[in-house]
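**Q** This is the structure I have questions about; it appears just below.
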């Protein structure tokens, strides 16, 4: 009888505390896991603004003696300067909104056309841009800087969209990236947009 009372009085609380402790650890583990998942979700959805006044990929490559082409990935919102299958530079872009056929970036293989310039302004869109290079329809679809007002001031609300679908169909770039394309990418350079 004394042994039974000893088991009930002493060992039972120890067993119960041990079980509760394991259960508490399980809850702590689940809560920690959920917290980590929530932090990860916030990081996935938090958008880091791209500085449109700087090159988006660091130091530019020397391509004077190289045969390059441009691979535009609309899903990733990046333009890859490639030599063969090797990526030699990556630029952040904004392609067309893709909400209608009028604001979509055409997909396919194109070639840089002879039209290019240091500045344009569209009365219809009330937006302009620096350093434009045509790649389709001789001045309709362009690589160019982030949008600007008629007096050549950056439209910050539009520039802050760099890295997301935001344009009327053109490929927006940081100002230095657009200038580099304007100065370095020759006519007839292949442009693949997918």
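Along the chain as shown, residues are numbered 1 onward.
Heads up, the Cβ atoms here are built off N, Cα and C, so glycines get one too.
Here Swiss-Prot flags 144 as active site, proton donor/acceptor, drawing on sequence analysis. Summarising the annotation, Swiss-Prot assigns domain 'L,D-TPase catalytic' to 68-194. Swiss-Prot lists 20 with the feature N-palmitoyl cysteine. Positions annotated as S-diacylglycerol cysteine by Swiss-Prot: 20.
Give me the local environment of each listed feature.
**A** Within its own chain, residue 144 (active site, proton donor/acceptor) has 120, 129, 130, 131, 132, 133, 170, 171, 172, 173, 178 as residues 6 or more apart in sequence whose C-beta sits under 8 angstroms from its own.
Taken together, the residues of the domain 'L,D-TPase catalytic' (68-194) have an average pLDDT of 98.
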